[in-house]
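Report on the following structure.
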Amino acid sequence: MSEYMDDVDREFINCLFPSYLLQQPVAYDLWILYLQHRKLFHKLKNTNLINADENPTGVGMGRTKLTALTRKEIWSKLMNLGVLGTISFEAVNDDYLIQVYKYFYPDVNDFTLRFGVKDSNKNSVRVMKASSDMRKNAQELLEPVLSEREMALNSNTSLENDRNDDDDDDDDDDDDDDDDDDDDDESDLESLEGEVDTDTDDNNEGDGSDNHEEGGEEGSRGADADVSSAQQRAERVADPWIYQRSRSAINIETESRNLWDTSDKNSGLQYYPPDQSPSSSFSSPRVSSGNDKNDNEATNVLSNSGSKKKNSMIPDIYKILGYFLPSRWQAQPNNSLQLSQDGITHLQPNPDYHSYMTYERSSASSASTRNRLRTSFENSGKVDFAVTWANKSLPDNKLTIFYYEIKVLSVTSTESAENSNIVIGYKLVENELMEATTKKSVSRSSVAGSSSSLGGSNNMSSNRVPSTSFTMEGTQRRDYIYEGGVSAMSLNVDGSINKCQKYGFDLNVFGYCGFDGLITNSTEQSKEYAKPFGRDDVIGCGINFIDGSIFFTKNGIHLGNAFTDLNDLEFVPYVALRPGNSIKTNFGLNEDFVFDIIGYQDKWKSLAYEHICRGRQMDVSIEEFDSDESEEDETENGPEENKSTNVNEDLMDIDQEDGAAGNKDTKKLNDEKDNNLKFLLGEDNRFIDGKLVRPDVNNINNLSVDDGSLPNTLNVMINDYLIHEGLVDVAKGFLKDLQKDAVNVNGQHSESKDVIRHNERQIMKEERMVKIRQELRYLINKGQISKCINYIDNEIPDLLKNNLELVFELKLANYLVMIKKSSSKDDDEIENLILKGQELSNEFIYDTKIPQSLRDRFSGQLSNVSALLAYSNPLVEAPKEISGYLSDEYLQERLFQVSNNTILTFLHKDSECALENVISNTRAMLSTLLEYNAFGSTNSSDPRYYKAINFDEDVLNL
């Protein structure tokens, strides 16, 4: 397949899909997806599907261009705010202006309706507002919009503010009339600053009392705030997160109104917004892998990793392609999460998520009633984590390894942003869960939007736990174990809820916790794994389908396997976050990974090929564990009964002179066929009456790396392939190389000499026919099709008379060569081409002696070829569907293969060679193993090395 792919196709493929996946067997399926939409990608340069990678979140996609008046108005307002810096009016693009303007004026949802839509009656363009609107209060214009985090704080402090409404009203009555307007303008900001410390001094970062006092001072400034200082704050806002980055840490009071505080451990919880790094890359300046000695190494990795790919496609292109692997996070129907438009750039819990789930806040309700409701909610099953999963699950019968990374943008941390309230990992897909043997279940009705089904709806079937066996740990817990030995759920005997329900994330989740560094499978039995991860850390999560393990990485450092024995299960990427935490995700589609996933994958490929090459020796080593029992059996039962069970003796008992052991009962063959059988080139005796039957021996392949059987067989196959392709001179050169390599050392040269004699006989026997086919190849490659037809008539007179299809292929190729060499400016050449086309039509389409099925096929091909006459330069101008007729692949390689196979069939010779059969059979075998998810060498827990083999890329493209 790869020989027909040009550089343009490969460039698209490398941009569209992660590089490590293109080295797996799944690469074949990815190529199929691309080739099915190949025409779409070749027209992308003239469409809007490419966004030049300037707008990863999709803001402004598909919008009309701003009018000059609208652009000028937006430019003026933003320049007055001082947020455009030194960017010139001509250099800034429309999408950037819209994005920045919408940040400072969030009520504007559609600029094309407000500024650029023509009035149908007056045929005029409406402008933004009157000039008087431009002279609004400077403080109101320059005050940055509240961020999502600040909205979360408002939602948490609203109860306290409502409780003090009466006091606030009394204070307002005492204020002067001149201050009323200013107080109204900044009421929201004062409410926020009463709870938030904006001091950026690192020394006071952990001092809660000082921060509270300073917050009160800021809240008392009111309308006397300096406009210049407000403008300086606005200058720091280049995107919706810069305003947060200007704060080093924001203390969150952990009284009863803090709805997501669940333990005394988080009594010092602080909010750490994203850093001020302008880069959207996954590279991080702060590296903490959990192992201090690896910090320097990780720093070097990060400095050279996380680069942007050349993928400039819109995210919807993967939906068009039918991409069957994860590409974005799933939006939850209960609005528990805020997700960027592309589904990966930004993910955080909805600040108002808890208010949706608990009760409707009403201004008419009394403070005591609200306190009772709040206390009732906190003492019941509240949800601490908002969860989501990827849009696609992982097909375990296609993948070798799957890997993705997240970068932590902001955290709520108790350790100076060194930890986070984030859980990353994988979740079992609903249909992979086994029915429980116990009827006991714990209600999860309070956990909205976190069911196990991918659709996002709550379903009590998500409480199903795996069946089979269980083990007792003391007298306090029952663990229900999967077949591989992984605990999927744990229920306390006393009926208390488990960890997944305590925090609100799903059952059957295998995750790495950012707040304590533990790994958990949704049970109380968490295990120490690594250090916690915090802000700016890049955490990777991979699943290895070869050995059935899940592993994690931190800032490019592999942390080791976290879970094992997870074979034959279907997973989906999963993440859980508390409010105040946010992440950016990399599925490998738009950015390279920080971790060297290709190097990790190559190590497993090396193990796989090592396992294949010494597979029979591995069988011997396995038998060595039972060597004592084998000796006892031999003593008791005699050597005759033990002979069939001793793998070592079977391996050493190979008859090098008579051929394979499985051929002993076959009919007697002549010397030539016997020699072919010896090198696996003869007739396959497993076929009886055209049906493949199971052989009565365990080993049908007696090749070994310990002797010369494997290289000798390959040398015969190569010679056979060269002769089959008509490359007789190359075959002779290959024979000379074999003669030089055959060295007589203690009689070990006999096998090599047998190969040389076999190849000599094959060349001598086929030399005449090989020369004929070699001459045909030369004439076809030179485009001398007319001479080729005459040569075949002279050397094999009856061939063309009995093969009308070959005659048509040759004459059609001759017609194509004429079109390829013709000039559109020469009228005589055009006339000759038309006459030649009519001649072919009369000979192959209108001749009633030709069967109708052949005439229809000839007519279709000739119609496609005739369409090339409509183009002055068909190689450049014609669509690829018909310009392919003029390619070298069609006029040279394909034409020779058709001619060569026809000659071999006419001479009653095999039209296939042994090497091609081995390759096709190997492809079929690997495909079958993947399709049925076959076990490893001996059982389901052994590594499944065949999953790492990409035969075409690893072997055939060396």
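Cβ from N, Cα, C; glycine included.
Scan Swiss-Prot for phosphoserine across SER246, SER420, SER490 and the hit is SER246.
Between SER277, SER284, Swiss-Prot assigns phosphoserine to SER277; no such entry appears for the others, which is not proof they lack it. Swiss-Prot records phosphoserine for one of SER131, SER248, SER410, SER496, namely SER248. Of SER147, SER327, SER487, SER887, the one with phosphoserine in Swiss-Prot is SER147, while the others lack that note in the record, though it may still apply to them. Regional average pLDDT for the region 'Required for interaction with GID7' (754-835) in the model is 85.
Counting residues of the region 'Required for interaction with GID7' (754-835) by DSSP class, helix then strand then coil, yields 66 helix, 0 strand, 16 coil.
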